Structures are given as structure tokens and as C-alpha cells.
Amino acid sequence: MSVLVFVEGFNGEIKKSSLEAATYGYQVAQQLGTSATAVAIGEVHEEALAKLGEQGISKVLYDADSRLNNFVADAYVKVIAKAAQQENAKVLVFSNSNIGAAVGAKLAVRLNGSLATNVTTLPKTDGGFIVTRSVFSGKAFAEVNLTSDVKIIAVKKNALEIANAGSGPATVEKFSADLTDADFAAAPKETIMQDTSGGVLLTEAEIVVSGGRGLKGPENWHLVEDLAKALGAATACSKPVADLDWRPHHEHVGQTGIAVSPNLYIAIGISGAIQHLAGVNSSKVIVVINKDPEAPFFKAADYGIVGDAFDVVPKLIEAARGLDK
Amino acid sequence: MKILVCISNVPDTTSKINFTGDNKSFDKNGVQFVINPWDEYALTRAIELKEAKGGTVTVLNVGEADAEPNIRKALAIGADDAIRVNADPKDAFFVAQQIAAIAKQNNYDMILMGKESIDYNGSQVHNMVGEMLGIPSIVPASKLDLIDDSTARLEREIEGGKEVVEVKLPFVASAQQPMSEPRIPNMRGIMTARTKPLQVVEPVAGETKADYVSFSKPEKKGGVKMIDAENAGELITLLRNEAKVL
């Protein structure tokens, strides 16, 4: 038996969240006294795959079929299921991304496995296989016992640190499943990538700068963008801002938007309704800037500034630009 | 067009979350339940498609009798009929099996639900149902339109962008903003909902694969450290030297 980790690429490099999944996979393999193999699909640099050895991955199965450069659930499931079978994998590890959660759910049916998404801890393996997952929109944790022979885990982003296991490079082996046209029936017609503020994906970002209605209009968004740029952060917004079309919906974080869990979340002009908190409460450090000292968000913050965004944010930008990298 | 919309009955977004019985179960005491907000996007879009193209919208809930007020609410918003599978929705796999069983009997053209439920946040059921039925699942979809009677065009959110997918019916899709603008039931809807059919069926044999053992709550934060707006730049220094996040 072995542990199999699915790693995702972005612009040819491996996503940070997948390095976290690789770390998780290696640590589970250590617990179980076995090795961790990775499977990668589509456009990823082979050097990046070999570097997974740093996270403790011994071997990478790589399917470079260019039809897989875009995510196609059925085709991805087939490749990963074949890899799982070949490696006799009993634990499959994904990042809790749209892709990881989707493929995980389909594999749970196909491999008759138990699935836990949003996982925040390594398993407890005495008397079961118990992992902790984030539930109730970050307001609670649940311990779940995965009872099937095959366990599938989607690891919550930024829940554990990427660890360097110090091994040599992983061997990269070419791999392919016998894909047919039917596997591409729901393939995307078209892919539209957004301008991701200096290449930082919101869901992968370690720092997020987010703006609310306190910024008064889309013409003032340069404050959010300039601070984000100075900090190497991604930008986000509150629900009212997306509803008013000041910013696109894919930037909306909150209960019915995207949930983020960065190391640092900076909220500018956001009052902190409970629905907004539900999307950001797993952030490690929260900074709130609001001119209303009664804004509920201050109760959930680690650092706060009561003041007008138009006075405060330029000072932050200046200070951030002055930091030595 | 026959559309199935799956809804779950979840604690209101503003609920305080507590647990009882040695932290082994969710404490429903004093909690207001609502239709899962993500499911409302699916429900509203289904009703819009029905209004434009004709057909029926059936609402399905796998849950106990206490979900019925919210099933009636879905009927009041505009669904035509409802099915409740009378079972405790113990885990995603079990729920997906129940939905798949209902779908097999009824040949729906599309099966819609929210991208996830705001209680267990699993985001599993839609893809499991698609896989069990052997039909595509488009998750999460932010737009859904019919091109003709047999083809739909959807937009799927991916990290860093979106994809346009054209797919033959039947399929499963999960909804997220901005697929639709949820509606509030009007008085006429509430009156007619009382007499719309709500069928209660017993579950098919299913299995659970993830047992919830216990719950806990995150540790409380240590309190907020305030920085004077005049010296706002000080924040950046604290974030680097004290919080160590820069």
C-alpha cells in the first residue's frame, strides 16, 4: 500500500496548496510506514515535479497529455484512479481546491472510499482514521472517522506548514490512462483567465487585502491594489461591493463567496457582518481598518485602526514600500 | 424541462454554533433554520428557466420532518412539488445515494443544488451524484443557460478564471453567485404552497463512510490591539516584528 498525492500546477509551477498536500501525504505515509507518490496532470515543469522530493515525495507519475491542460473532471478522475490502482494507494491526498474537492468526490464513488474535505489535521490512527475538518463556515471543527478501506482527504489551504523532508529529488515517470473522447464530453469550450493582481491567486495568497463599501466607489480601488502590490498580496472585496459591481464576483469573500485562510487578512472599510466573517475567520492574523469604532469586525481582529481609509491606507502603502524584502 | 433542485435545511447564517451531549451533536436549541443560501441560487435559477421554457421544478430534501417549513418555503418561492426522503442526512455519501435513487426513478433533465452547505461545508454531494448517475457534474457554476432543448451552457469558476462548458442534458450542476438573485416568497406563493404536493418517501438502503465523532470550537482570539491612525505605518512594523506575517 502507499499514499498518493495529487498535485496541481499553475503557470508550470506547483501550487503552494499542493506543496501543503504533498507535505501532508508524506507525513501520513510516515505514520503508516509507507512511501508517498505524487500524480501530476497537464502543464507542469518536470523540474518542479522533481523538486517534490523536498516535501518527501519519492516518485511522481506525470501525465503530460495536452488535452488535460484544462481541468476535465472525468478525464482527471480516470488518470488518478489508474495511478491509485497501480500504486495500491489506500490514502489519497488533495488540496481542498475546486479541482481537488471535485475529483475527490468522484473518486470516493469510483473507489468506494471515504472522503473528508476541508481537513486541518493529520489523522489519528489509533482505533480508526480520524481527521479534523473545518465546519459551520469556520465556526467549529468536527472529528470524522473515515471508515472505508480507501481514505480520500482534501487538505484545507494554509492549514499546515510546508515541511522540507530533506530527501533528494523525486523520480518523474511518464504516465497515461487510456482516455477516450467520452472522457472529454464535458471539457470546457473556452477558458477565460482573469488579471490576477500581479499573479497572486486569491485562494493561494498568503496575504489578502480586501475592500468594502467604506472605499466609496470603484474609482478608489487603487488604494487596495497599491497596498496589495506593496505587500505581494491578492485583492478581495465584500459582498455589497460585488453586488454593486464595483468589483467582480470572483473577488467576493464571505459566506456565499470564496472562503480564504491566508496568514494575513487586511480589511479596509468592511464592517464585518457575520456572513463576511464566515469567509475569512480561518485567517491567521486579521487587520481591520474602519472609521466606525463600533464596527463589529474589530471584535474578530488582531490589529485595528480607527480611521478614514483615505488617510490611513496611503500611510500603510508608504510603510510597506519601505520594508526591505 | 424537468428540473430537480436539492436543498438542505441549515442553521441561519447568524446562528451561534453550539454542541450538546459531550460535544457529539449539534445543538438545535434556539437555532433558526433556513434553506441553505447556496441552494437558493440553484432554486431561483431553476424557477427562472421554468418560467422561460416551461416545465417543472421539483424540490428534494433528504432530512427529517423539521425540514418541512423550509421545503414549503421553496414551494412558495415557485417550485411545483417536493419530495422529502425521510432520513437523518448522516454523511455526503448517504445523501448522494438517496438523491441518485430519486433521480433514477424520474429522468430529470438537470439536477441542481448549491456549491456546498453552510453547515458541513463538504462540497461533495453534487459530484458524487453525477458520478453515481454517470452524468457530468459542473461544479461550481456561476452561470447556467439553455442553448436548446438538449444542450446547456455553463460557466464554471476555476482558480484564477472561469471556464465555459457546453454540456448535453442531463447533468448535475452546483450553483454559486451570480447565477441568480434569490427571491422572497410573496403572499400568493405562500398560500399556494400549502396545497402543492409534498411527498415523503423512505430512504433506500445506503451506507455512510464518514462518521462524525465529535465537535469543537476554535480558541477565542486574544483581543484586538489598536493602533493610532496618525501612526498607521506602525502597523506594518508590528505585522513584521510581532505577528511575523510580513
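For all residues, glycine too, the Cβ spot is worked out from N, Cα and C.
Remember, TrEMBL labels are computer predictions, not curated facts.
Since we're looking at a predicted model, the values are computed, not measured.
Record features (TrEMBL):
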type: DOMAIN; residues: A:3-188; note: domain 'Electron transfer flavoprotein alpha/beta-subunit N-terminal'
type: BINDING; residues: A:Arg213, A:Gly269, A:Ile270, A:Ser271, A:Gly272, A:Ala273, A:Ile274, A:Gln275, A:His276, A:Asn290; note: FAD binding site
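A distance below 8 A between C-beta atoms marks A:Ile274 as the binding-site residues from A:Arg213, A:Gly272, A:Ile274, A:His276 lying next to chain B. Ranked by how many other Cβ atoms sit within 10 Å of their Cβ, the binding-site residues A:Ile270, A:Ile274 place A:Ile274 at the bottom. Highest Cβ count within 10 Å among the binding-site residues A:Arg213, A:His276: A:His276. Neighbour density for A:Gly272 (FAD binding site): within 10 A of its CB lie 21 other CB atoms from the protein chains shown. In the three-state DSSP scheme, A:Arg213 (FAD binding site) falls into the helix class.
In three-state terms derived from DSSP, A:Ile270 (FAD binding site) belongs to neither a helical nor a strand segment and is classed as coil.
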